[in-house]
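Taken straight from TrEMBL:
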- D:7-284: domain 'Phosphofructokinase' (DOMAIN)
- D:Gly15, D:Arg76, D:Ser77, D:Gly106, D:Asp107, D:Gly108, D:Thr109: ATP binding site (BINDING)
- D:Arg25, D:Ala26, D:Val27, D:Val28, D:Arg29, D:Arg159, D:Gly190, D:Ala191, D:Glu192, D:Lys218, D:Asn219, D:Ser220: ADP binding site (BINDING)
- D:Asp107: Mg(2+) binding site (BINDING)
- D:Thr130, D:Ile131, D:Asp132, D:Arg167, D:Met174, D:Gly175, D:Arg176, D:Glu227, D:Lys252, D:His258, D:Ile259, D:Gln260, D:Arg261: substrate binding site (BINDING)
- D:Asp132: active site, proton acceptor (ACT_SITE)
There are 4 protein chains.
Amino acid sequence: MSKKIKRIGVITSGGDAPGMNAAIRAVVRACSYYHISCYGFYNGYNGLINGNFEELDARSVRNIINLGGTFLKSARSKEFRTKEGREKAYKVLKKEQVDGLILIGGDGTFTGGQIFSREYDIPVIGVPGTIDNDIYGTSHTIGYDTALNTVVEAIDKIRDTASSHDRLFFIEVMGRDAGFIALNTGIGAGAEEILIPEENLGLDRLLDSLEKSRRSGKNSSIVIVSEGDKIGKNVFQLADYVKENLPYYDAKVTVLGHIQRGGIPSCFDRVLASRMSVKAVELLLDGQKNVMVGLKDDDIITCPLDDVIHEKPKINKDLLRISEILST
Amino acid sequence: MSKKIKRIGVITSGGDAPGMNAAIRAVVRACSYYHISCYGFYNGYNGLINGNFEELDARSVRNIINLGGTFLKSARSKEFRTKEGREKAYKVLKKEQVDGLILIGGDGTFTGGQIFSREYDIPVIGVPGTIDNDIYGTSHTIGYDTALNTVVEAIDKIRDTASSHDRLFFIEVMGRDAGFIALNTGIGAGAEEILIPEENLGLDRLLDSLEKSRRSGKNSSIVIVSEGDKIGKNVFQLADYVKENLPYYDAKVTVLGHIQRGGIPSCFDRVLASRMSVKAVELLLDGQKNVMVGLKDDDIITCPLDDVIHEKPKINKDLLRISEILST
Amino acid sequence: MSKKIKRIGVITSGGDAPGMNAAIRAVVRACSYYHISCYGFYNGYNGLINGNFEELDARSVRNIINLGGTFLKSARSKEFRTKEGREKAYKVLKKEQVDGLILIGGDGTFTGGQIFSREYDIPVIGVPGTIDNDIYGTSHTIGYDTALNTVVEAIDKIRDTASSHDRLFFIEVMGRDAGFIALNTGIGAGAEEILIPEENLGLDRLLDSLEKSRRSGKNSSIVIVSEGDKIGKNVFQLADYVKENLPYYDAKVTVLGHIQRGGIPSCFDRVLASRMSVKAVELLLDGQKNVMVGLKDDDIITCPLDDVIHEKPKINKDLLRISEILST
Amino acid sequence: MSKKIKRIGVITSGGDAPGMNAAIRAVVRACSYYHISCYGFYNGYNGLINGNFEELDARSVRNIINLGGTFLKSARSKEFRTKEGREKAYKVLKKEQVDGLILIGGDGTFTGGQIFSREYDIPVIGVPGTIDNDIYGTSHTIGYDTALNTVVEAIDKIRDTASSHDRLFFIEVMGRDAGFIALNTGIGAGAEEILIPEENLGLDRLLDSLEKSRRSGKNSSIVIVSEGDKIGKNVFQLADYVKENLPYYDAKVTVLGHIQRGGIPSCFDRVLASRMSVKAVELLLDGQKNVMVGLKDDDIITCPLDDVIHEKPKINKDLLRISEILST
């Protein structure tokens, strides 16, 4: 039987994502609602190791639901990957009488949390927060929807210039291992081609498609390239390759970069962060552990951290088909 | 056996919604992809009746995916409710050899389409487009996600003033019959109270909640009120009632109004509109009729128009509970 | 000879405006740069009266340059209008050894400050912060540029619906005494008519213009109405009047309200607030008093508070002419 | 005596800028108001050479005031730099009876226009449109204000991540020859350092400043680098240099690129474009030629194209001082 939870800790870890503040707020407000104490640890696992924390109450989190980033800050902790690091963290939690942890972050965060939890029997609950949406066990991660909007707004701006100057733009978006962002923003921004890590269309296919596009009367084109695309060339090499082979194209490159991680969270991300985080607190109170909360259809579900860590979410390949139809 | 489709018509009808242009674009591009002809009729059913249309090809719909409103324009047609009106529309379709219709709109649009289809054996496919999300058979309607973002951005602005002046704001959002917008934006904007048509919390409960909020140290508060809230008072009467009973509150009212219908569609709405509309064309080609396309989890599904018209979608009442926890 | 300034106080007072936080930040950073102490008083003059303040250093104001509202909060103080109130304020300043005041606000704020300064020989410097731009001695007030953008973005959204439904919209914008917002946003949003307090075009002229507009093939129209328009009818009465006289118009009303006061400040407002506030600190250090900083062309200038209080800025009437030409 | 103007031509040329559509609209509407004909030529000077144009009336330019880019498209024409090219252009204008030209663009555009005008006695009027603000004779160019907002919004997003991860970001903004964008967005976004083409602060100064910033308790920092900064290193080399010398900084690079050219124009740019373009038409009607319209304080002024071409506008160096004070 699990012991009664009187105090929980919360961290944000890994890459920051819009909605993380909304998630912390919901953790804190739920603790307040259920009359338990909440400690916010700074800089991800480093805060656990160094005892860098603050007690948070309902008023500590006012007016942050709409702020990007995370006020608890985030970090990737090398020390937590060592046995010594985790032991330090455990001693801090024991000394401070923290009975459970809520981990807001991604894959790496959950892997560390799972190991820690098994070593020291601290219940942990994962809340998926990353713009990449590359986490098994949930249809959406916190920050993903906002990033999609940030990217399409940026491409809308670039399309103004593409159309005005009859240019071809290669735009690199985030997603080292997963094409979620590329695929959805490619359709959302009306891109002519989308290159993702999950599928190698080949360079010939790209040239064919751009030629066809030109013949059909399109003078400007957008190609979205996921950071980790399969074609084996980076976005600059791709542009050069196309310029060599289709010299009538005036090809330009934009790497969207870190603007994709920040920004005011969308309503969807705020509601998602709020629902998931309240549920995470309730799960701890309920004696559960080592699961991640997720979204499926309109319900908040749970998934064992073991599955989350070992499985990969799949992109919806039907979107590739849709993209082809729409770029007719 | 259904006859082969060679030409389809498309209309937008009822209140306009962001993403309708993306939907029209996807209908047109899908027709082009499948080598069939596409006529866009203007002003909803009125365009059918008056033969006011234009043939649309892939190039006609370039650079519109990011525009709010609908370039085919929309209207509520009184004439189409009459037998004479529908007969005129049928004659136009017959003369122009239009074999099927795609109707982008809401409840009223589908009701008219269903009657018309039965009278004249014209296959129709519905695509749900309305900001209110009040349509059975889909988790999301086109335009709803954008409207949520528009509303939370507006409330974020109002909260700046609420916080700076320690004020209470009553904000009326759209939703005459359904609390979807109020509920989600209330949580997303961190409102203290949310009043929706589906649930009567009562005026005493509202006063209690505001008093508690004040005692807990909150000096500014936001109350979201759905147009059609159950409490039986409009937003101005509510504010007056609170000022009378809790005179320490400096209560103000904002009616967000028509800004909620417009704006640049979110990525979600553009992708949703694109997927649904491609599917709608494919359904017609496939010999189907009198169904609406919908979203469920991450799949495009179909639902008989009969069910769409006669059932009401349900709000997720768990959100009310979440809202109460978060306004602690 | 003025005594040496070692500590200054800063308040925000009157209606809040985007950029006020940027202004406070610049005051605080300039104090830090010049090695003097800075006290931020809360709730405008009420904070002076009640001794409600906090010492602010360079780190207290990090990450606020982009936030709307004012973290020092604002208020209109009735007590400061009384001799007793001002005496209390003076005692607080004396006790806390505050040698000068920076007042971020509008007309009312400066009037109070001027009286106070004369009664107690405290040097005050005004920084014009209000969205209405109705202050003599500066071409732009802090918050005005942001409000213009907020309003045109809102009207862009409404125009989506106006165009889609062939409607006429009456949109009320802020500006009780001055038509700056109405005039500029009317041109910026492509309005057909603009009604401002400075000019009575008359109802006949409005009807003529709308009729002409209709005949010229425009089906949708936007009329911008300043809160304080001269025509003697509020925006709802105007819409009713037009519906009666030009029944083919489907006229709707939107009152933009408090969304105009909030929001993320534009780059212009952040730079303006920064430049003005640094200058305000330097003026105090320089022994100056009872002036307001202002913008003229690209220079920060000063203007005696006496003139600021007694003069009215003038709108640029050429804009009315431009508006007429553009709505051809 | 100049001959009576009955038809004018308008082009957009050089890099596109937000507000160019608003400028074209105002040219067209002013022509309509003054009962003269207006031809829009496509692709800058290439449209003149190839006779690629369209007659534009008041209705042709509806609903474009808020669109980025330019619907007349833009290009840099090599052929127009040759005598043969300009002769072709002249023949087109003569054949089509175009009596004067309005050139919306930048330096290069005006240089070509000036030569052409002298060779063939065609009156030309320049309207300054470029995001870089690097044109003599006006305080603001069309598109500049919008670009400032686009850049600070992007940096706001990046700052979310910088703060969350205690990182140093080098952000490259546009401005090959002029630091206007860097300087204003650096102040507007609260950057710690700003590197511009007009001023070489030196690498030592940069390291000193970053070290001081670190010691003062700042953990995250933003450095804005103009494309054409004087320090002689590109933004990636700068980041490497700092990482080598200040290894405690986790330095990242973002090149904002083409998102800066596009986007919905700000209210300021729409009004500026409208006023300047109406004036340009009126100048032609008034018999004037070879001048550019400009903004000074709140007035539309004119400046001989000769001066525009040969002089350089100066940045306000006081902004560098302000930036230093604010990054305390």
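Keep in mind that glycine also has a Cβ here, set from the backbone N, Cα and C atoms.
What TrEMBL annotates, mapped onto the structure for a quick look.
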{"residue": "D:Arg25", "record": "ADP binding site", "contacts (Cβ under 8 Å, 6+ apart)": "D:Val61, D:Ile64, D:Ile65, D:Ser274, D:Ser277"}
{"residue": "D:Val27", "record": "ADP binding site", "contacts (Cβ under 8 Å, 6+ apart)": "D:Ile8, D:Val10, D:Cys38, D:Ile102, D:Ser277, D:Val278, D:Ala280, D:Val281"}
{"residue": "D:Gly108", "record": "ATP binding site", "contacts (Cβ under 8 Å, 6+ apart)": "D:Ser13, D:Gly14, D:Arg76"}
{"residue": "D:Asp132", "record": "substrate binding site", "contacts (Cβ under 8 Å, 6+ apart)": "D:Gly15, D:Gly106, D:Thr141, D:Tyr144, D:Met174, D:Gly175, D:Arg176, D:Asp177, D:Ala178, D:Phe180, D:Ile181"}
{"residue": "D:Gly190", "record": "ADP binding site", "contacts (Cβ under 8 Å, 6+ apart)": "D:Arg159, D:Ile222, D:Leu326, D:Ser327"}
{"residue": "D:Asn219", "record": "ADP binding site", "contacts (Cβ under 8 Å, 6+ apart)": "D:Ser163, D:Asp166"}
{"residue": "D:Lys252", "record": "substrate binding site", "contacts (Cβ under 8 Å, 6+ apart)": "D:Arg167, D:Leu168, D:Phe169, D:Phe170, D:Ala239"}
{"residue": "D:Ile259", "record": "substrate binding site", "contacts (Cβ under 8 Å, 6+ apart)": "D:Thr150, D:Ala154"}
{"residue": "D:Arg261", "record": "substrate binding site", "contacts (Cβ under 8 Å, 6+ apart)": "D:Gly15, D:Asp16, D:Ala17, D:Pro18, D:Ile131, D:Gly143, D:Ala147, D:Met174"}
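Under the three-state DSSP scheme, D:Gly190 (ADP binding site) falls in the coil class. Note: the CA-CA distance between D:Thr109 (ATP binding site) and D:Thr130 (substrate binding site) rounds to 11 Å. The 10 Å shell around the Cβ of D:Met174 (substrate binding site) contains 25 further Cβ atoms across the protein chains shown. Counting only the Cα atoms, the space from D:Arg29 (ADP binding site) to D:Asp107 (ATP binding site) is about 26 angstrom. Listed binding-site residues: D:Asp107, D:Glu192; maximum Cβ neighbour count within 10 Å falls on D:Glu192. Residues D:Arg25, D:Ala26, D:Val27, D:Val28, D:Arg29, D:Arg159, D:Gly190, D:Ala191, D:Glu192, D:Lys218, D:Asn219, D:Ser220, recorded as binding ADP, reach a greatest CA to CA spacing of 53 Å. Chain A lies within reach of none of the binding-site residues D:Arg76, D:Gly106, D:Thr130, D:Asp132, D:Gly190 when a CB-CB distance under 8 A is required. When the C-alpha distances from D:Glu192 (ADP binding site) to the binding-site residues D:Ser77, D:Asp107, D:Thr130 are tabulated, the minimum falls on D:Thr130.
When pLDDT values are averaged over the domain 'Phosphofructokinase' (D:7-284), the model yields 94.
Taking only the Cα positions, the spacing between D:Ser77 (ATP binding site) and D:Thr130 (substrate binding site) is 17 angstrom. Using a cut-off of under 8 A between C-beta atoms, the binding-site residues D:Arg29, D:Met174, D:Ile259 that neighbour chain C are D:Arg29.
For D:Thr130 (substrate binding site), the same-chain residues that are 6 or more apart in sequence and have a Cβ closer than 8 Å to its Cβ are D:Gly14, D:Gly15, D:Ala17, D:Gly105, D:Gly106, D:Asp107, D:Thr141, D:Ile142, D:Gly143, D:Tyr144. Spread of the substrate binding residues is 33 Å (greatest Cα-Cα distance among D:Thr130, D:Ile131, D:Asp132, D:Arg167, D:Met174, D:Gly175, D:Arg176, D:Glu227, D:Lys252, D:His258, D:Ile259, D:Gln260, D:Arg261). DSSP assigns D:Lys252 (substrate binding site) to a strand.
Using the Cβ center of D:Gly15, D:Arg76, D:Ser77, D:Gly106, D:Asp107, D:Gly108, D:Thr109 for ATP, the list of other same-chain residues with Cβ within 8 Å runs, in sequence order, D:Ser13, D:Gly14, D:Gly44, D:Gly105, D:Gly112. The sparsest Cβ neighbourhood within 10 Å, among the listed binding-site residues (D:Ser77, D:Thr109), is found at D:Ser77.
It is D:Arg176, among the binding-site residues D:Arg29, D:Arg76, D:Arg176, whose Cβ has the fewest other Cβ atoms within 10 Å in the structure shown. For D:Gly106 (ATP binding site), the number of other Cβ atoms no farther than 10 Å from its own Cβ, over all displayed protein chains, is 24.
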